[in-house]
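I have placed the structure first, in the form of structure tokens, so that the comments after it can refer back to it.
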């Protein structure tokens, strides 16, 4: 991973900071919609720092610069940041958060600047309080992004790809029904409206899909839903006649994307004016998501006029319709078949044919095999194809032309996924094509045991992913081992591969939302030896109600249904470490994989032989 000399970029940025009288400037990773994955034109933190990971925040003062990121990216950030930068390893003891570091730098009456469209209103409020307590001046909303000024004419144009309709038979629910349910939420809160800013929520709400952000079938847009009107803010050039007809049939108005702030101000003025009327019924505040930007909150009137809530659209989206669940099961079988073909091909090339393949060449083959499956649209994220020590970099990204050659005598980790019209996939398998060490086999088996434990979990309704996280880590913990990432994330239906608000892990938000039937999320424990190897095993699971002998407190009990259909690496399993119950689970899983996928391999002797060996009975 090459370092970029950021000296001139930082010098230029500091010049613009001085012009606006800010001594500290914050550059988040997200775009104006709080997206995790962003378009190239919004990669501001990457441009100023040289760090390409998907999560992190840069903070620049007139003398220093710091980059904060989490444990998934410690190795990558250390490799990519040049000497201008200090790495803040979030989550480690005595390491300040980027908010704390920003506030510390503001002491002595310094101003802290930020683009108000890139942080949430809640974050801005908390940060302003920290700045005040640290002796700083204030948090200043800087209209016009300063990194964009540094970037200049080299900044990529904003994408404007066409939008398509997601048919009701795949979505499982009409736009009209979704809007009716949202308006019922507004009525409960006596709210005059909800502003939707998350791109995947808008795509889901209006049964549309786009292609503005790589790997994520979303499109740049906002929406405002009131008791009477639903308005989609989108560039008109994105819509064809079919989309316009679809929106019209569902009584959705269309307005220009760039008019959202003006309309938000007008809405605030209108609601305020109505509230002054003697005969007006009392109303609550306008609603925005707690991930909605500070700019949107300010336009709607600020704290006194706006309530920031967990998005009811996001909550509804996380509980998949029956049609979406049917699609998720089906696409994971097709996707599993592609992965089985890939792993069989890769082993044949490396071991039998003694071929030389680098990480990207292998990933290209996997994409080719996936593209041959029905309803394939594209990848759901860049394939993590990693050999040996590269596998220890949790979100490693091989670079074409300069990546490593796959070593058959080292661990190979492949984390990959695809977008299909009927669902989104995300699967990780760790393999070894030679002779693994005892330490590697032990670590792999401990990870597998945690993976199985979570898959078999049964828990009462109301349980959160926060409460389940330890199940996946327990066998690692018993041996003094652990991993620095979450155990599970929500997955969209032909939408973002990372989807909130649910998840399994130690993040605070995972303790706030209980898992519910219809949730789709990942089960992906791991273990990483820096500079040596990495192990991760990932399946996608569906939350469902489980029949139990008793029902304590008259509560239903829930569990998981795995939909991923790919064998585990037989070469890395130390069966002596497995209990009889775990072996039984593994045999049942393997039998299901064979039953669901073998029909794809007629006449493919290499794949059939590989599948037979990898799914052989564990005694």
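Backbone N, Cα and C atoms are what each Cβ position is placed from, and that goes for glycine too.
Among 308, 538, 545, 561, the residue that Swiss-Prot places alongside 415, 426 at the Mn(2+) 2 binding site is 538. Swiss-Prot names 426, 538 for binding Mn(2+) 1. Of 438, 440, 524, the residue it gives for the same site is 524. Shown in sequence order, 416, 417, 427, 428, 522, 524, 536 are the same-chain residues outside 415, 426, 538 whose Cβ sits within 8 Å of the Cβ centre of the Mn(2+) 2 site. Looking at residue 426 (Mn(2+) 2 binding site) and residue 524 (Mn(2+) 1 binding site), their Cα atoms lie 10 Å from each other. In this structure the alpha carbons, written CA, of residue 415 (Mn(2+) 2 binding site) and residue 524 (Mn(2+) 1 binding site) are 10 Å apart. The distance from the Cα of residue 538 (Mn(2+) 2 binding site) to the Cα of residue 524 (Mn(2+) 1 binding site) comes to 4 Å. Same-chain residues that are not part of 426, 524, 538 yet have a Cβ within 8 Å of the Cβ center of the Mn(2+) 1 site turn out to be 415, 427, 428, 488, 522, 523, 536, 537, 539, 540, 564. DSSP gives residue 415 (Mn(2+) 2 binding site) a strand state.
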